[in-house]
Amino acid sequence: MVNSKPDDESDPANLGSEHRSTSLLPAQVPISNPIELIDTPSLTLAAILKGKAGNPLTTFEKKAALINAELNEFGLGRYQICIWFLCGFGYFLDLAWSQGVGLIATAIYQEMNVAPKDYGNIWALANAGLAIGALGFGLIVDIIGRKWAFNLTCLITSIFGLLLAAPKYNYNAICGIYFLASLGLGGNIPIDATIALEFLPQNRRFLVSLLAMWQPIGVVIASVIAYGTAAKWRCDVDLPSCKAVGAGEACCTVSSNMGWRYEIIILGCLTLVIFFLRFFVFTFHESPKFLLSRGKEEEAIAVLHKIANFNRASPPLLTMAMLRDIDEQDAQLNGQPIVPKEVAGPKGTGEMMKKVGKDFVHELNRVRGVFTNKLQCFTFVLLAIAYMGDYWSFNLAGAYLPIILLRNNVATGQTVTDTYRQYVYIYLPGIFGAVMALISVQLPLVGRKWSLVFSAICQGLAMAMYTQVKTSAGYVGLNALEYIMQTYFNAVLYASAPELFDTNYRGSVSGMLSCMGRLAGIVAPFAGAQFIASESSGILWLGAGGIWLSAFMMVFLPVEMRNRQMF
């Protein structure tokens, strides 16, 4: 948990002067913004509403502060820039696939004779895969480390994503394969945000919000691909499925409807290229703070040296002696004996597998720490509800707003190609949402907390206003506004949630939060399907209500991260 003094000098009373004590951190490491500890928790309602709640620093957090100091000395070096781009590609894939499949869904429904009541099946299974992937990879990233999880997500997505183009007249197979591809996709956001946060210097953490810029880029590229494939090689929208008519009658054949398959193949190849860049081109080092949290302090220092070498920067000053000093000081304060750490020797494959199994059980016990700490438990509950409201609204908008637009365009004589072109107009401005997030999280009176509240309220208003328009221009304009605010909200949420929890279980908590959101996403398409079948505007109010619930929850977010260190 982030408990320290602000990183800058904006507000020297940020944690309440009545709780302060002198820093116990070693003086050998140049920390330009000294950390002051608090002696007792500050959990009053006033502190919560102001975002100034806090707890005393743990031994791990004091050591992590020294890691932060070294990363600050490195600055935004070559290694950090590479990490930012590679993590951005994970954000790119998250919505490129969601948008890509969303835009071809109507072609799949038509070709495979899917009843309107079954439209939501593919989204429900996709969200089930995303939920399992988020939870599973969230736990894995805290067990085997960031490195392997970082690469496995893209590999799984690319394999099953390419297979998605194979089935013919088999909607159930499409849903099943997309579920498997979603297992990899689900881990992208929690893992990539965690990794970016743990490598960026403290004064550049706002760049994690800018990672969300890659989501609208992914959406736009998926829309452009769909415009050049799914819209071009698609059967007439008025033709019935060949499964629904007799032999010899005009129908939507596989050969006349190949565009959606071409799109899937292109997306699968893009995913494979990103995996290649992550695994073969770039040398990813394990997170120093993750190694520190697992007692591998010498390895953590070694990684800092490797990063400094890659950045062509001065070597770090942090030593094992400094870390031992913190252990000794805390042991003296708590009246506990100092227990020397055991150094583990090399292990065989069998031993490693047993260790992973034991670590998994140990990780489940470790995560309990989130719920035994009042401040972290309260924060987790608020974020879980916010994630659920966000994903509820996101899934309703992504699955059904394109259908509403298509129906309107068909009714007014516009072509399918016109509709796909409008998708680019809708989603390209989403980049401005990420830029707005980048700016607002740094504003003194706004920060993370009120950025979340403002963007969520505006997103809900855009969906509510969608019920009042009847023209294509109105649909496109309000859909674009909704997506800008959606990107704005998600940019801040995805960056802020991992900041609020320790490295010890940052990945696990991020995965659990994402999983909670995905579970809401499973239910949302079924709730919306009945409204879309009856062409009711109720689906829009469902979406607005979900994101407004998120806005209300974020009013009570107890910790504002703008001026605080992250451990």
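From the backbone N, Cα and C atoms, a Cβ is placed for every residue, glycine too.
Because the structure is a prediction, the values reported are computed rather than measured.
According to TrEMBL, the feature region 'Disordered' maps to 1-20.
According to TrEMBL, the feature transmembrane segment maps to 81-109 (among others). Within the chain, the transmembrane segment (81-109) has long-range Cβ neighbours (under 8 A, six or more residues past its boundaries) at 119, 122, 126, 150, 153-154, 157, 161, 164, 171, 174, 178, 181-182, 185, 188-189, 191-193, 195-196, 199-200, 207, 211-219, 221-223, 225-226, 230, 234-235, 237, 257, 259-260, 263-264, 267, 270-271, 274, 277-278, 282, 284, 398-399, 402-403, 406, 420, 423, 427, 494.
Per TrEMBL, domain 'Major facilitator superfamily (MFS) profile' is recorded for 83-562.
Residues or ranges marked as transmembrane segment in TrEMBL: 121-141 (among others).
TrEMBL lists 148-165 (among others) with the feature transmembrane segment. Same-chain neighbours of the transmembrane segment (148-165): 86, 90, 93, 97, 101, 133, 137, 140-141, 174, 177-178, 180-181, 183-188, 191-192, 195, 261-262, 264-265, 267-269, 271-272, 274-275, 278-279, 284, 507, counting only residues six or more beyond its ends whose CB sits under 8 Å from a CB of the stretch.
Residues annotated as transmembrane segment in TrEMBL: 177-200 (among others).
Here TrEMBL flags 207-230 (among others) as transmembrane segment.
Below 8 angstroms of C-beta separation, residues 82-83, 86, 89-90, 92-93, 96-97, 100-101, 104, 146-147, 150-151, 154-155, 157-158, 161-162, 164-165, 222, 225, 229, 310 of the same chain, each at least six residues beyond the ends of the transmembrane segment (264-284), sit close to that stretch. Look at TrEMBL and you will find 264-284 (among others) tagged as transmembrane segment.
Sequence-distant contacts of the transmembrane segment (378-403) (same chain, six or more residues past either end, CB-CB distance under 8 Å): 48, 98-99, 102-103, 105-106, 119-120, 123, 127, 370-371, 419, 423, 452, 456, 459-460, 463, 466, 475, 479, 482-483, 486, 489-490, 493, 497, 500-501, 509, 512-514, 516-521, 523-525, 527-528, 532, 539-540, 542-544, 546-550, 553-554, 556-559. Summarising the annotation, TrEMBL assigns transmembrane segment to 378-403 (among others).
The transmembrane segment annotation in TrEMBL covers 423-443 (among others).
Distant neighbours of the transmembrane segment (475-497): 91, 189, 193, 197, 205-206, 208-213, 215-216, 219, 383, 386-387, 390, 393-394, 397, 401, 404-405, 408, 422, 425-427, 429-434, 436-438, 440-441, 448, 451-452, 455-456, 458-459, 462-463, 465-466, 469, 509-510, 513, 547, 550, 561; these residues of the same chain sit at least 6 beyond its ends, with a Cβ under 8 Å from one of its Cβ atoms. The transmembrane segment annotation in TrEMBL covers 475-497 (among others).
Here TrEMBL flags 509-533 (among others) as transmembrane segment. Proximity of distant same-chain residues to the transmembrane segment (509-533), defined by a Cβ-Cβ separation under 8 Å and at least 6 residues beyond the stretch ends, is recorded for 116-117, 119-120, 123-124, 127-128, 130-132, 134-139, 141, 186-187, 189-191, 193-194, 367, 370, 380, 383-384, 387-392, 394-396, 399-400, 403-404, 497-498, 501, 539, 542-543, 546.
Outside the transmembrane segment (539-559), and at least 6 residues removed from its termini, the chain residues within Cβ reach (under 8 Å) are 1-2, 43, 47-49, 51-54, 375, 378-379, 382-383, 385-390, 392-393, 396-397, 400, 448-449, 452-453, 456-457, 459-461, 463-464, 466-467, 489, 500, 520, 524, 527-528, 531-532. The transmembrane segment feature in TrEMBL is assigned to 539-559 (among others).
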| field | Winner by Cβ pairs under 8 Å against the transmembrane segment (177-200), considering only 121-141, 207-230, 423-443 | value | 121-141
| request: Give me the mean pLDDT over the domain 'Major facilitator superfamily (MFS) profile' (83-562), rounded to a whole number. | output: 86
| field | Long-range Cβ neighbours of the transmembrane segment (121-141) (under 8 Å; 6 or more residues past either end) | value | 98, 101, 105, 108, 148-150, 152-153, 171, 174-176, 178-187, 189-191, 194, 360, 363-364, 367, 391, 395, 399, 507-512, 514-515, 518-519, 521-526
